[in-house]
Amino acid sequence: MEKLLNRKIICWIVLVIFLISLIPMLVISLYNHPCADDYAFGSTPHKIWEETGSIVQTTSAAFNVVRETYQNWQGSFFAVFLMSLQPAIFNQSYYSITAIILITLFVLSYLLLFKVVLIDFFKTDWVNCILIFTVVTFLSIQFIYSPVQAFYWYNGAMYYTGFHSLSILLISLLLLSGKPQSSFFKSLIAVLSVLLSFMIGGGNFVTALTTSVIVFCFVIYRIFFQKAKWLIPVLSLISISSGLLISILAPGNAIRQQYFHQMQAIPAILMSFVYAFLFMFNFIKFPVYIGLACVVPLIYQIAKSCNFSFRLPGLVSIVLYGVYASSFTPNLYSMSSFGMERVLNVNQYLFILFFLLLIFYWCGWISKKTPQAAKTKHKNKTNNRVLTENGTKRTLNTTVVGVEIVLVFSLIISCSIHMDVNPNYITSISAFKSLITNEAYTYHQENLDRFNIYNDSSIKEVKIKPFSKKPYVLYFDDCTNDIKDWRNKPVAAFYNKTSVQVIE
């Protein structure tokens, strides 16, 4: 009981550290402002809102943007709908909720996933679940490729991180559909799964494709191993395939494709495996590696104590690598490139989750092959075994504890070294630095100065100064000195100006 109490204390410490790490990210969001495609997609709904103040008519305007964009630019209909309703169309100050929405959605989706997998399926306790959840979510947020494109720039963040979070919610629901449920909850899961699937199909092609592959894997598994549980995954597969097909068939895709060099399908698929391998070394930064290593003992004990057989780890490894590689295919096919940093954010989210799942599966396989596995399940040979809340016997090996301590210190030292080289290496530290140096505040004030000019009806040809400060987690893009630039024209349209130009 004493050691269980100690484990709870550790859990609370880790959770508090995680929550504290989010504070600078949320505080700096108060200084967040729209840019680039935020204006392009939000211009028409903004005008309708200014004229009518009607939610219904503004939403109708967003549907009109979807219809026009579908014909002239891209087919991701549900994503365009969400991007057209960016917060600043209602009030400039509302844009600060962007990061709050996306971080909350991301964290809650991961919490549900880990709860379903670790507690509902593998019968561990909340302490282990929270420990693993906080470590993995912390690593996914703090060491992300581009924080601004992950959580702060609404258009790009909602398009990729937002839809990734929806995908995680869908996977959690599909997992729950395999557990005994009441008729009400089974129906609720079915409805939510079908709706989420269709929404994801109408989002970015990276998430839509990888989620489709995952849902297909659910269908195959349920048909062969859980024959009574196949209906919801099949309905979800039909729904996401329908949404994806609608997106693919959009006339606007062909127009947009003219601006990019397209790779043939087979080479794109083959190159996906190459890029997936190469980017593994970028995604598995040393602190991420150390952080995941810290939870390996927990993962091993959970896998060891469950009844799952963990057969065919080689096949599971190949399947996971294939699904992860599929996240590179859409951009290679359409652009002959691995994509922008916001795409790499999603690639990295998937890699960390799949790498953790791979560790878990191999730990389970190894634990089942250990000669002492069967014997130690019910015996209490030494004093370093304790009974946890779910009755499972755990081994608290002093060597493992020592290794954990070394790993934690290695993580701290590694982060310190990297921060000396790159102050923006960790998202929260970068946000904190921008706050205490007034960099974020200056950026905010310069945006407010611009808005005063934008909202002055007597000025039609707007001249603005470039930003003197560009916080790493807030700044994505800006207008240029060319009034015909694609970044300038939407701003002019948004504020009903003849032109907008940056003057040095």
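Every residue gets a Cβ built from N, Cα and C, even glycine.
Database features, via TrEMBL:
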- 9-31: transmembrane segment (TRANSMEM)
- 93-114: transmembrane segment (TRANSMEM)
- 126-145: transmembrane segment (TRANSMEM)
- 157-176: transmembrane segment (TRANSMEM)
- 183-200: transmembrane segment (TRANSMEM)
- 206-224: transmembrane segment (TRANSMEM)
- 231-250: transmembrane segment (TRANSMEM)
- 270-300: transmembrane segment (TRANSMEM)
- 312-329: transmembrane segment (TRANSMEM)
- 349-367: transmembrane segment (TRANSMEM)
Out of 126-145, 157-176, 183-200, 312-329, 349-367, which stretch touches the transmembrane segment (9-31) the most, going by CB pairs under 8 Å?
126-145
Assess whether the transmembrane segment (270-300) lies in contact with the transmembrane segment (231-250), where contact requires at least three Cβ pairs under 8 Å among residues 6 or more apart in sequence.
no
In contact by Cβ distance (the transmembrane segment (349-367), the transmembrane segment (183-200); 3 or more pairs under 8 Å)
no
Determine whether the transmembrane segment (126-145) and the transmembrane segment (231-250) share at least three Cβ pairs under 8 Å, counting only pairs 6 or more apart in sequence.
no
Between the transmembrane segment (157-176) and the stretches 206-224, 231-250, 312-329, 349-367, the largest tally of CB pairs under 8 Å belongs to 206-224
Other than its close neighbours in sequence, what residues sit by the transmembrane segment (231-250), given a CB gap under 8 Å and a spacing of at least six beyond its ends?
70-71, 74-78, 170, 173-174, 177, 186, 189-190, 193-202, 205, 208-209, 211-212, 215-216, 218-219, 222
